[in-house]
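This report concerns only the one structure given below.
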Amino acid sequence: MMAEFQEVSKQSGLHPKPAGLVLQYGTAGFRTNAKDLDHVMFRMGLLATLRSKKTKATIGVMVTASHNPEEDNGVKLVDPMGEMVTPTWEGYATQLANAEQEDLLTALKDVIEKEDINMSQEANVFVGKDTRSSSASLSQAVLDGVSALGGKSKDYGLVTTPQLHYMVCCQNTQGKYGEATVEGYYKKLCQAFIQLTKNASNCTDDQKHLTVDGANGIGALKVREMESHLKKELHISLFNDGSKGKLNHQCGADFVKVQQKAPTGIEMNPGERCCSYDGDADRIIYYYSDSKGQFHLLDGDKIATLISTFLKELLTQAGLDLQIAVVQTAYANGSSTRYLEDTMKVIVRCTKTGVKHLHHAAQEFDIGVYFEANGHGTVLFSKAAQEKIQQLAENTGTDDERKRAALLLQNTVNVINQTVGDAISDMLLIEAILAIKSMTVQQWDAIYSDLPNRQLKVKVSDRRVIDTTDAERRAVSPDGLQEAIDGLVKKYRQARSFVRPSGTEDVVRVYAEAETQESADDLAHEVSLAVYRLAGGVGGEPKPLH
């Protein structure tokens, strides 16, 4: 034990913490300018080793800053089943990252004591990194941290975030989830995709064509590697592949969603399906331009609707009584919620913003479909649901229609990466559904029409004055704010609005939607003014948008 601590002391001197720097483990781990992260990475290597000893399982550490600019980096910890690390351990991560150099050992011993960790237990950590220039040295710092505490590590090198989550899950299920190699990942997903598309009647080469914006990131490299496994069942034109552009610069899922326009560096033909990944390939957004050159976005809500509709139809055909639900956040477009509840008769559950909240809620159902509007999401199948599907598919007495539906469901389960949102896996599922239903991107878009909406932010001196309830849909403080919002919403048709404090900076985020864009803009501005006046706004009053 002492020898290990001496090693930690020695090694941590090579990864010193800048004095006074304070970082917070957010929804997606630590994220900041890469030059401030070396000590954090070393310490996350230490923490992952402790987590592995505690859980007696393999833990993952992914070095990435997702959709942030190229000069940033970050780190995400992955728990044994491929899920995000538990909240208690997020707290430990923050403590360790912020401990001053001389207090590091004390902070480490504190975790060991609190969690009653047996230090002689062996530890295994999987490490992956994205394509940022800083990722190589930062992932080395993680590996140094693991070895300092006597842990074993496996360096997967360049992988997408979802691929690393997948590897961890495969490892800890002794291969039941799949084979813990990149090759194994491609095989599992592509074989399922090919089985699914066999059910698509006479698909033309045009219909098999998809334009992909790789955000100049890791997703571009990996989709290239995967292409040969697709056996020409999907023709991908890859843009922003990292050969010349900057990571996430004027491209990628976040850019397209926020700017509501096509990424730079992509050739769009009218009516053609296009999609964008984010920097670490755990989000996906679809879009197209119509014959008039008008841009159309199909975000996480549209994706969740397409997938849940498909699954619901298959369950009916298979005669399986399984409960399916869609989990959304307050940012989900009101039209999608109405369509799912009223037309599809699907349960809709609303949670706080942040993937971990959605993932948790989705686990309560036989089949839980969750997508944030930003395109981050997946589908979870309970163990019982997977067993029922498998029994039906393998039962020789099942009639043809039920059997076909059961086999489709089985392949759908296999094409989905249930550990975390996965741009590549979601893309394959969406492409298979569109092919099976012989649907064009326009027909998919027309399932329902989004209500016009607007997002704004208001700078305040302290974001903590805002407190919310009802999955962030209503403000409980400051006094009078919710009443003010209710009054403003009444002025417009099909309107709603909510405010929530940012997780990272002193701003309050305002969301408004209404029957027309002008109404949504006006409502968002009026609510911003109310926030500014009642919640301690700083700087000038918010200006009207028109």
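In case you wondered, yes, glycine gets a Cβ from its N, Cα and C as well.
Bear in mind that TrEMBL entries carry predicted annotations, made automatically and left uncurated.
Listed in TrEMBL for this protein:
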| type | residues | note |
| --- | --- | --- |
| DOMAIN | 53-89 | domain 'Alpha-D-phosphohexomutase alpha/beta/alpha' |
| BINDING | Ser66, Asp278, Asp280, Asp282 | Mg(2+) binding site |
| ACT_SITE | Ser66 | active site, phosphoserine intermediate |
| DOMAIN | 107-168 | domain 'Alpha-D-phosphohexomutase alpha/beta/alpha' |
| DOMAIN | 183-285 | domain 'Phosphoacetylglucosamine mutase AMG1' |
| DOMAIN | 299-437 | domain 'Phosphoacetylglucosamine mutase AMG1' |
| BINDING | Glu372, Ala373, Asn374, Arg500, Pro501, Ser502, Gly503, Thr504, Arg509 | substrate binding site |
| DOMAIN | 457-528 | domain 'Alpha-D-phosphohexomutase C-terminal' |
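When the binding-site residues Asn374, Gly503, Arg509 are compared by Cα distance to Ser66 (Mg(2+) binding site), the shortest distance belongs to Asn374.
Mean predicted confidence for the domain 'Alpha-D-phosphohexomutase alpha/beta/alpha' (53-89): the pLDDT average there is 95.
Listed binding-site residues: Ser66, Asn374; maximum Cβ neighbour count within 10 Å falls on Ser66. Mapped onto DSSP classes, the domain 'Alpha-D-phosphohexomutase C-terminal' (457-528) shows 24 helix, 24 strand, 24 coil. Neighbour counts were taken at the CB atom with a 10 A radius for the binding-site residues Pro501, Gly503; the maximum falls on Pro501. Same-chain neighbours of the domain 'Alpha-D-phosphohexomutase alpha/beta/alpha' (53-89): 28-34, 37, 40-41, 44-45, 47, 115, 117-119, 121-130, 132-135, 138-139, 142, 151, 159, 161, 164-169, 171-173, 177, 215, 218, 246-249, 252-255, 278-280, 282-283, 355-356, 359, 418-420, counting only residues six or more beyond its ends whose CB sits under 8 Å from a CB of the stretch.
Listed in chain order, the residues near the Mg(2+) site other than Ser66, Asp278, Asp280, Asp282 are Thr64, His67, Thr160, Thr161, Gly217, Ala253, Tyr277, Gly279, Ala281, Arg283, His376, Ala423, each with its Cβ within 8 Å of the site Cβ centroid. Sorted by the number of other CB atoms within 10 A, the binding-site residues Asp280, Glu372 start with Glu372, the lowest.
In this structure, the CA atom of Glu372 (substrate binding site) is 16 Å away from the CA atom of Asp280 (Mg(2+) binding site). The C-beta environment of Arg509 (substrate binding site), restricted to residues of the same chain at least 6 apart in sequence and closer than 8 Å, consists of Gln455, Leu456, Lys457, Val499, Arg500, Pro501, Ser502. Rounded to the nearest whole angstrom, the C-alpha distance between Asp282 (Mg(2+) binding site) and Gly503 (substrate binding site) is 20. Asp278 (Mg(2+) binding site) sits 10 Å from Asn374 (substrate binding site), taking the CA atoms of both as reference points. Other Cβ atoms within 10 Å of the Cβ of Asp282 (Mg(2+) binding site), summed over all protein chains shown, number 33.
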